[in-house]
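The structure under discussion appears below in the form of structure tokens.
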Amino acid sequence: MAVSDLLNRRVRAVPDEDEEVYSEASASESESNDEEVEGSGSDISVDSSEGDYGSESQDESDAMSNENEVEDDEDDENSDDGQDDVQASLSNISFGALAKAQASLGPKAKRKSKATESTTDDGETPAASPLDDIRARIREAREQKRQGSSKSKDLEKPSRSSKHAPMVQSSKHPVTRKRTIIEPPAALKSRDPRFDPAVRSQSGRSEASQSAYAFLDDYRAAELKEMKEKLAKTKDPRQKEALKRDIRSATDRLRTIENRRREKEVLAEHKKREKELIRDGKKSNPYFLKKSDLKKQVLLKKYESMGSRQRVKALERRQKKLTAKERKEMPMERRGLGNDSTPYNDGGGGKRRRLA
């Protein structure tokens, strides 16, 4: 209990009273052992005086051996008593005191280095008790604490507990006098309608995007008109070819957009008509247009929107297109590409002849 009290108080390792008690006990034990040895020596001397010379020498040797055994027994008893006292005192130490002592000692590497330094300086490893080690470690911890408190805190840089923790900054750091009164405008970013949330927000409907970007059709028409005017004014053949190519691609694009718009109008009218029939009870199931029927209705709507002259020209172009398609599907014998006597075969080298 003495050692635990001292560790908890953090003043001393062992009080002076216990040391005096231990010293008195050891002294009394040594005196009693000396008296026993003296008594045994007197007995041996009496017995040896009565015998002859040979017996005297044997008795003397026996006495010396007995004295050595007694001394060894005394040393063993003293060491056992000391170890028992230390173990009893250590068993009464509280866990809190042990934890404080261990925290104040520092890492094991420092302990080992200090132990090696002590052994190298002395040249011999003295058999120190665990209490002496605890006392030395407590002294070292106090010295380290005293040295750490003496250092100035300004030299220590603020460090974070981990890399994810926020940065620590002193409150004495002066604040800058510069203030942002007016924030500069943000840099303009290009907007792509394919990925614009304003366009894609309405559940992916293309009608919203078309209505929002309907002005692009006007731009395309104006661009096509401008290219046609340039083509009429230019005389460079290369520039003319480039303008013709651009005009052709622009007209194809406008034609495709117009055809898609007609298809959507035809589908919307058909769905509306079918819904009205179902509502009136004339139909139970709606009729869905096939691609061929949709194509016919779109073509009919296209011709209805044209004028008389445009309609005639469009029909003539369509007729030429159909005849060319039929001629391609016709076999080679019926196309008039060779004489009847020399029929056309894959291995022959006859030339093709155009029909007038």
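From the backbone N, Cα and C atoms, a Cβ is placed for every residue, glycine too.
Residues annotated as region 'Disordered' in Swiss-Prot: 1-209, 307-356. Annotated compositional bias 'Acidic residues' per Swiss-Prot: 57-84, in sequence order. Per Swiss-Prot, compositional bias 'Basic and acidic residues' is recorded for 132-159, 313-337. According to Swiss-Prot, the compositional bias 'Polar residues' annotation covers 200-209. The coiled coil annotation in Swiss-Prot covers 238-279, and the record cites sequence analysis as its basis.
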The compositional bias 'Basic and acidic residues' (313-337), counted residue by residue under DSSP: helix, strand, coil: 21 helix, 0 strand, 4 coil
Other parts of the chain folded back onto the coiled coil (238-279), taken as Cβ under 8 Å at six or more residues beyond its ends: 217, 220-221, 223-224, 227-228, 230-231, 285-287, 289, 294, 297-298, 301-302
